[in-house]
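One structure is given here, and the rest of the page talks about it.
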Ligand SMILES: NC(=O)C1=CN([C@@H]2O[C@H](COP(=O)(O)OP(=O)(O)OC[C@H]3O[C@@H](n4cnc5c(N)ncnc54)[C@H](OP(=O)(O)O)[C@@H]3O)[C@@H](O)[C@H]2O)C=CC1
Ligand SMILES: O=C(CO)COP(=O)(O)O
């Protein structure tokens, strides 16, 4: 394949996506903000800190220099954590102001004001900039180990979605395209909040029935908010909605779920964060989702109780009791 792509973000997911593109024959450049870490990647030809195991294909190179990214190509796949999303794009724009095509695999909101990430892209570049989001049930380690995975590539521009699908798709990594960018964004960002809630419940030892109820009612909350923000209801029943929600609420590879488990088992927040040692996007997403729900008048009780545990010191068991004490109502 005679294509080039630059991946921004040298954590577990960015490294995996860069390896995938390179395995598919693309010339691939992986950028990370930490100069020393990138120098070690260049030397070791693997990312021992974030993705031990797969050795980089020969057509994958690394850099910590955004000017080099800009000179390499204009097709950018961003996989930095959400707190670094806006800043990274602002820095990139200084080098690559025109003709850019931006995809991202970040799951979260803009940490400045809680907006969806497509809004950040449109504000920094333009509404016309080709934009796409890659999301769905995909633990980096399993993808890197070539275990079968299916994800969604969402973009209002079908040609751009098809281009990305072409770059990443393989027998072991199936890509489905979708035009509902907003629905896919909301699904990926809010499932992390639900994964923390499910982890808390399991940490408290509340059992399988509780977990299933949280996933189902959590999906309901995601749909209510997502539809209000302009997403399509059917998107939430797909890979980037229900698929990713099931994955992260039920499997201990999820950092968000493990964080919730630790809280439910009585660990404090700082201790749990340190133990996990990687991004836990649901922590900021709990706040951003709670504020968005309030702003739009959307009832999101699981999100609200999770927010209170994380930001108001509410005891996990009390949060569960608050949910159980809600008045009886029709299922909707
Ligand atoms: N891991 C997974 O399985 C999946 C992750 N995602 C999403 O991908 C995104 C990235 O997560 P993931 O790769 O897992 O995170 P990791 O915790 O594995 O790595 C985080 C990376 O971000 C870097 N980083 C931290 N601060 C900044 C900054 N200010 N500017 C640029 N880079 C920074 C870190 O570098 P350093 O440590 O050197 O500071 C590190 O390379 C998240 O939104 C996550 O939800 C989506 C699907 C799957
Ligand atoms: O989004 C993910 C898998 O699809 C990764 O989830 P965690 O960030 O909870 O590990």
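The chain as shown is numbered from 1 upward.
Every residue, even glycine, has its Cβ placed from backbone N, Cα and C.
As annotated by TrEMBL, active site, proton acceptor applies to 191. The annotation NAD(+) binding site is assigned in TrEMBL to 9, 10, 11, 12, 13, 14, 140, 255. Summarising the annotation, TrEMBL assigns NADPH binding site to 12, 13, 33, 50, 107, 140, 255, 281. The feature substrate binding site is assigned by TrEMBL to 107, 255, 256. Marked as domain 'Glycerol-3-phosphate dehydrogenase NAD-dependent N-terminal' by TrEMBL: 4-160. Per TrEMBL, domain 'Glycerol-3-phosphate dehydrogenase NAD-dependent C-terminal' is recorded for 180-321.
Locations of recorded TrEMBL features on the structure.
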residue : record                 : Cβ within 10 Å
10      : NAD(+) binding site    : 26
11      : NAD(+) binding site    : 19
12      : NAD(+) binding site    : 22
13      : NAD(+) binding site    : 25
33      : NADPH binding site     : 16
107     : NADPH binding site     : 30
140     : NAD(+) binding site    : 21
255     : NAD(+) binding site    : 23
256     : substrate binding site : 27
281     : NADPH binding site     : 24
Residue among recorded positions 33, 50, 191, 256, 281 with Cα closest to the Cα of residue 140 (NAD(+) binding site): 50
Proximal residue to residue 9 (NAD(+) binding site) among binding-site residues 33, 256, 281 (C-alpha distance): 33
Cβ atoms near residue 9 (NAD(+) binding site) (within 10 Å, other residues, all chains): 27
Under 8 Å by Cβ from residue 14 (NAD(+) binding site), same chain, sequence gap 6 or more: 7, 8, 30, 32, 77, 79, 80, 105
Sequence-ordered recorded positions from 107, 140, 191, 255, 256 with Cβ under 6 Å of an atom of ligand 1: 107, 140
Between residue 11 (NAD(+) binding site) and residue 50 (NADPH binding site): CA-CA distance (Å): 6
Cα-proximity to the residue listed as 'active site, proton acceptor', 10 Å cut-off, over binding-site residues 10, 11, 12, 107, 255: 107
Close-lying binding-site residues around ligand 2 among 10, 11, 13, 14, 140, 255, where CB distance stays under 6 Å: 255
Environment of 107, 255, 256, the listed substrate site - residues of the same chain whose CB lies within 8 A of the CB centroid: 192, 195, 248, 254, 279, 280, 281, 282
Reduced DSSP assignment, residue 140 (NAD(+) binding site): helix
Within the predicted model, mean pLDDT of the domain 'Glycerol-3-phosphate dehydrogenase NAD-dependent C-terminal' (180-321): 98
